[in-house]
Amino acid sequence: MEKIIVRGGRQLSGSVKVEGAKNAVLPVIAASILASRGTSKIYDVPKLADVYTMKEVLRNLNINVEYENGEFVVNATNPLKTEAPFEYVRKMRASFLVMGPLLARVGHARIALPGGCAIGSRPIDQHLKGFEAMGATVEIGNGFIEAKVEGRLQGTKIYLDFPSVGATENIMMAAAMAEGTTILENAAEEPEIVCLANYLNAMGAKVRGAGTGVIRIEGVDELVGAEHTVISDRIEAGTFMVAAAITGGDVFIEGAVAEHLRPLIAKMHEMGVKTIEEDNGIRVIGPDELKPVDIKTMPHPGFPTDMQSQMMALLLRANGTSVITETVFENRFMHVEEFRRMNGNIKIEGRSAIISGPCQLQGAEVTATDLRAGAALVLAGLVADGHTRVVELKHVDRGYVDLAGKLARLGADIERVVETEHELENLDAPAPLKLNTNLV
């Protein structure tokens, strides 16, 4: 079984470079379907399992795709197929983002019901509501969603019941080639939405207001291939910020954009963590003692749900009681049981987790229940006594490029291995945690 093994007790230091954003690159790749002429080149594409899945989805649609050295090249000028099969879509929820572009381009899409991390129902009704408002007919059956439109989609006004990132992206892409103007209200405001809008506009679309609650999309007749550089991954950056803070370390996160991380930075300051914003990244210096804080996840610009589990790991080390309230997903506390296996003192009350710290974490074998939970368990292992062994790395690989290797280069005692039962019997005793005494 492949595992990440962490032996706690080392203070992190040095520099780490953030990859292109997973949550930005997947919709950008989907949007490349809209280009009926020319070739699209997408830069800073991270080497992630989800990227390879999206590559196979596009190839299945008869699209030419090349991916090498962080550059994703797409030529979608061939006659398109319109079905994304379960084989690929089951692996990754973002595969559903091809529906909007296919509807806009050829008027038909048949997509298997999506998969991905099991962190809540995450319904796709808001996507379908938007397509139907633009004139599509939608049918669901036999594990597939099929949408059709006669002629072109029609621009209209759409109000989202919740500022869903995926629905905002799918509707934006569909509306880019609709007849007339679409006004999308209560839209998601994440930086990844702005990244997608910039790419669509480079292709010839007319998208205004991305990054605000109201987006206006004036439909055009044709989109062409374009070049685009993906924004840096704010969640990966945040994960390494927590790694520095939890170990009392001093780490520079190259490529981190402070404007994308304001809620996290604010909470870290409350906890006593020092951050220094520089032109090309953020330096994070962990304190000798962490203070407790309360956190409530919210759609952007609120605290990101994708940083909830990592912050829970950090709060386990804080001196006092903290409360995390999860408002975005109803089932995103599955990692709590894994933290408890490591001696984490956490109580669940409805949508809130009450963390009583500081906890002297103990190494254990734990399971990555989803993508971000896997990273959080690795973070906890950095300060746990003994060895922490994290399994189900398929989840971690969906969102992190060489997480263990990057942490090792910062000084962590960590490795990724195929472990046998015999090796489990020969693990050494833990090293003591060294505290940072050189704060600036």
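Glycine too: its Cβ is placed from the backbone N, Cα and C atoms.
Residues or ranges marked as active site, proton donor by Swiss-Prot: CYS117.
In the three-state DSSP scheme, ASN23 (phosphoenolpyruvate binding site) falls into the helix class. Residues or ranges marked as phosphoenolpyruvate binding site in Swiss-Prot: LYS22, ASN23.
Under the DSSP three-state reduction, ASP306 (UDP-N-acetyl-alpha-D-glucosamine binding site) is assigned to helix. Around ASP306 (UDP-N-acetyl-alpha-D-glucosamine binding site), the same-chain residues six or more apart in sequence whose CB sits under 8 Å from its CB are ASN23, ILE235, GLY238, ARG372, listed in sequence order. Taken from Swiss-Prot, the feature UDP-N-acetyl-alpha-D-glucosamine binding site covers ARG93, ARG122, PRO123, ILE124, ASP125, GLN126, ASP306, VAL328.
Swiss-Prot lists CYS117 with the feature 2-(S-cysteinyl)pyruvic acid O-phosphothioketal.
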Fewest other Cβ within 10 angstroms of its own Cβ, chosen from the binding-site residues LYS22, ARG93: ARG93
Cβ contacts of VAL328 (UDP-N-acetyl-alpha-D-glucosamine binding site) (under 8 Å, same chain, 6 or more positions away): THR297, MET298, PRO299, THR305
Lowest local Cβ density among ASN23, GLN126, which the record lists as binding-site residues, within 10 Å: GLN126
Around the Cβ of ASP125 (UDP-N-acetyl-alpha-D-glucosamine binding site), the count of other Cβ atoms that are within 10 Å: 12
Cα distance (Å, whole number) from LYS22 (phosphoenolpyruvate binding site) to ASP125 (UDP-N-acetyl-alpha-D-glucosamine binding site): 23
